[in-house]
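Novice: Here it is, the structure, as structure tokens.
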2 protein chains.
Amino acid sequence: MLILMRRAMDARTKVRVVTSKTHTQPQKSPTTTSPSTTWVWTNPTSPISWISSNPKTKPSSPPPRRAFVIVRFQKQSHEITVDLSTRSIVSKNVYEGNGYPMLTFGEQTVASQLPFSYEPFKESLRKRGLNTSQVLCASFSIGWFGEAKTKRNVKVKCYYTNGTANLYARPLEGVAAVVDLDDMKIVGYNDRDVIPVPNAEGTEYRASKLKPPFGPKLKGIPVTQHCGPGFTVQGHSVSWGNWDFHVGFDIKAGPIISLASIYDLQKQKRRRVLYKGFISELFVPYQDPTEEWYYTTYFDSDGSPVKIPNAFCIFEKYAGDIMWRHTEISIPNQVITEVRSDVSLVVRIVSTVGNYDYVIDWEFKPSGSFKIGVGLTGILGLKAGAYTHTDEIKEDIYGTLIADNTIGVYRDHFFIYYLDLDIDGEVNSFVKSNLETVKVKDENIPRKSRWTVVSETAKTEADARINLGLKASELLVVNPNKRTKQGNKIGYRLLPGSVVHPLLLLNDYPQIRGAFTNYNVWVTPYNKSEKWAAGSYVDRSRGDDTIAVWSSRDREIEKKDIVLWYMMGFHHVPSQEDFPVMPTLSGGFELRPTNFFESNPVLKTKSPKPLQWPNCTSQH
Amino acid sequence: MLILMRRAMDARTKVRVVTSKTHTQPQKSPTTTSPSTTWVWTNPTSPISWISSNPKTKPSSPPPRRAFVIVRFQKQSHEITVDLSTRSIVSKNVYEGNGYPMLTFGEQTVASQLPFSYEPFKESLRKRGLNTSQVLCASFSIGWFGEAKTKRNVKVKCYYTNGTANLYARPLEGVAAVVDLDDMKIVGYNDRDVIPVPNAEGTEYRASKLKPPFGPKLKGIPVTQHCGPGFTVQGHSVSWGNWDFHVGFDIKAGPIISLASIYDLQKQKRRRVLYKGFISELFVPYQDPTEEWYYTTYFDSDGSPVKIPNAFCIFEKYAGDIMWRHTEISIPNQVITEVRSDVSLVVRIVSTVGNYDYVIDWEFKPSGSFKIGVGLTGILGLKAGAYTHTDEIKEDIYGTLIADNTIGVYRDHFFIYYLDLDIDGEVNSFVKSNLETVKVKDENIPRKSRWTVVSETAKTEADARINLGLKASELLVVNPNKRTKQGNKIGYRLLPGSVVHPLLLLNDYPQIRGAFTNYNVWVTPYNKSEKWAAGSYVDRSRGDDTIAVWSSRDREIEKKDIVLWYMMGFHHVPSQEDFPVMPTLSGGFELRPTNFFESNPVLKTKSPKPLQWPNCTSQH
């Protein structure tokens, strides 16, 4: 097994992680060996008891180190549990359900090379007068649209680089090969129409290839921890301020934060907050119904295990924000000004999925809040078209004309976060605190209305399927067995960011497969097998293993180990500013302690001492 | 006239602005002179022509410098326009409508002193055994609840400091005096009940008064521009990167950003974005209907002109964010990684309104986006009560028991921003781009649905009254007379943050007065007199001069100089973490260029050069 995470020692070292569709060069001859797909998922059993400091409950030996492996071999998907310490197979099974395992880097590479030895494709290039050595191809999953039987097929589409590094800006529109991955051969081919390949001009984004003038010029600001960072990393464990947590990596999920706990200064003890959190699924449906685009409804990132150095960027963020402050001038002969600087710790990974770059942040605050952010940048998936001006367009082009012959197709980006909160312990409940208008009936009161909080504890999964934005409510995960000194329920509150709902019909195939977007919030009882909101075998899946299916069992979720699922997203109508590379568009949400602490947990936090830059002249 | 703004020369100098309810010490004898209220609003006429670089359109002399002054004198509100250069009165008028001008600092000070020479109040203190020298009082506006006739009255409520600087945590609940400000005397008094004054213990927030342990300890991060900031300030004008704008201050609005324009590197010209923007109104209704709280529905900040040094904090923010990035590994023998650091310029003011501190940010980005943020911190308005544990509570307490005998009353914070956008010129239109589901009818396409964009230009004000969250749409202000090379409408898009709607009944008096909260978005044609969304005379106003009234005229707004109004807010259910001082709760929204530029305007922006801290050992 490969360990995919490395000690993140350097603050502010930005690195890339590529878990990506693969693009290959035509010169290399296709590999002919039969590819096998492996997918590794470590399975830590009960770390809670193992990290316990209580010698009575702590087991004498660590939990078994096991890995769950999916191997695609001879057209079958084998599920194997391996014991890593004894190097033995614990169990094995052939998966008979719908869908296929993730596409590996290797097999995508081979598939993308096939067109270059395929005569009709060569003819397509000749017909367009393209230089073969400047053509690159990539493979794309094709989804499921009601077919009774499916094969493990992908489509291969191609791009022209000639004069630019921005291949995505120069698609060979209308040309697509269908590749059977199990047989590793082209089983279909289409050259629908000769559509102009957009020009290379204006597509370049490398500073070294751009011409002056450059600008606007920004002055440097040194943000350096000259005596080292304020956090420590030991193995996979990160400690910073009052926070302790574990950072892991999974090829499908990306970063995994687990065993996050916070030290309560008042109670003088460490308290559990998050057992495990990660992005469970990603769904990017494009809104173009034409032949080469209708199936473009990506799920997750594809890839296979590979060792990635410097995959994480961990840094302390001091953005000039204020943790808390107050000025008081009402007390005679006194002016009180108390301000505390807001410093936070960010765990970042950048996941480049072909053309797109997703910036994924987990930000921890000394106040006990943690914020989860996603930034979208990189290059849009672009479609070539005949138009150079909107006045020429007489039909629906399913997108925005963002450059000559270049259409930014409408698309969504949906993310669903798996958040197994353990608020001060494993047994939790989900509470909807609805803010409801109350008519004031007392005739002595001149006011006619007010609002109050009506709290409702979700009993079953149906109570916790929520579309946000319809009514005012605060959503909390509480520990029903513990209360504050004042008697309030100990909890954490979800503060949503911008709210997005899906726009596809509920019975449309992509929506059935991406049914996790049907609600913004779901709560399920913890179940070891329910990790992936669109199922474990997403490629060509049929939506029979999604959170919508699990949740329809309507299990009890009160006073249980529960998982909160939060779905966020973006509807993306591209604009010209998104070309040739897109300025980051950000979104996110926050989890904030709410009657978790007895009082403000950062009341006694002092601002870091100001550090002075030495006299300017002595340095230059 | 006082100039309320000072050159903001120092980056990262955080300063306070107090435009506040006044609290006075009892020892000082009340001033007996009759107070007069003045409110000054400068009235710049047509700066656009004056700043024009075209000698044909530029007037030969600057626009007249005039000020609009409201003077409360002998129970009348006088409106006077003064010419500042000739020191003469241009016009005068006695205001006969509903409502009164802002309360001044001076008259609030006097009003708050009155109880100390009022025998029933002295008796109330004796009855409670309180030390008079430790009692402080403050005045509060009382709103309007349908009374046919009103006087210019306020309520005075008091606090006990004895042992703490946190007076707000120790209210003398149930005691209130009514003061007629025009006569400056107590005209009503109530001592309803002896409710325990909460203890001083646990209320202190000054670091110098708190006992160890302190924590969590945070390590210092130097963020210093050792060779000076990257922006320049000349008079009231700020230049930074590609942005130019003017910073002003108004006692009612706080910071005013005007004449904001951005340099377009591609077109090599400066382009207008925002003519003027500011917070037009603030509305903070509390949700406790009892006698001393039902009227607690604050509007705006109270105050009077005063010279404030260092009112603004202007700084460059480098938070570790990414302006744009892409990694490319698909081109043979190449790994491309291009990343640009996101640096922005923040204009901040902190407005301390009695107990609350509002952190108001305008953040400008080189990409042309600007973000507007509000942070809530400071001390909650607290109510004393008999309870120390929620189990004792058998009635609605209209809030959260957040400490012994201390209730954090439910409340809202609503803000409405006045945004006179001038997108590439004065004539603009407001466009709703609705994202609508379309059924796919073509039988050859296996997909059943997609979404598309249906754009609708608002003709009149009714078309532009929008409650967000009900449907997916992008809201844009566009220049209908200009298009990009590709033919798209040149515009800026509103990206809302968390969306909040009011919960009071529409016919309730506070809601009638605060009717600007009825919608999240309003658009009006520019009208010089429509600056204040709850009217110019807010104290005891009756809602007859709100944006809801103006907008009901349903004027044309297409191809006009229009004002976009954005209402944001927070429903606040206090939690124990908010005591004794509240960790900042933040919200905001963004305006983002959308087909304003021909392509990514920061494509050719280079990251600032990394600046190195010298060797650690040589400094210590």
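One-based numbering along the chain as shown.
Just so you know, glycine gets a Cβ as well, placed from its N, Cα and C.
In case it's useful when we look at the structure, here is the feature table from TrEMBL:
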REGION    B:16-38  region 'Disordered'
COMPBIAS  B:21-38  compositional bias 'Low complexity'
DOMAIN    B:58-93  domain 'Copper amine oxidase N2-terminal'
DOMAIN    B:101-198  domain 'Copper amine oxidase N3-terminal'
ACT_SITE  B:Asp300  active site, proton acceptor
ACT_SITE  B:Tyr356  active site, schiff-base intermediate with substrate
MOD_RES   B:Tyr356  2',4',5'-topaquinone
Novice: What three-state class does DSSP give the residue listed as 'active site, proton acceptor'?
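Specialist: SS state of the residue listed as 'active site, proton acceptor' = coil.
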Novice: In DSSP terms, helix, strand or coil for B:Tyr356 (active site, schiff-base intermediate with substrate)?
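Specialist: For B:Tyr356 (active site, schiff-base intermediate with substrate) - judged by DSSP and reduced to three states - the answer is strand.
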Novice: Around the Cβ of the residue listed as 'active site, schiff-base intermediate with substrate', how many other Cβ atoms lie within 10 Å? Please give the count over every shown protein chain.
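Specialist: Here the count is 22.
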Novice: Between B:Asp300 (active site, proton acceptor) and B:Tyr356 (active site, schiff-base intermediate with substrate), find the distance joining the two CA atoms and give it rounded to the nearest Å.
Specialist: 12
Novice: Is it possible to list how many residues within the domain 'Copper amine oxidase N2-terminal' (B:58-93) are helical, extended or coil according to DSSP?
Specialist: 0 helix, 22 strand, 14 coil
Novice: Using DSSP, tally how many residues of the domain 'Copper amine oxidase N3-terminal' (B:101-198) sit in helix, strand and coil.
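Specialist: Reading the DSSP string over the domain 'Copper amine oxidase N3-terminal' (B:101-198) gives 29 helix, 29 strand, 40 coil.
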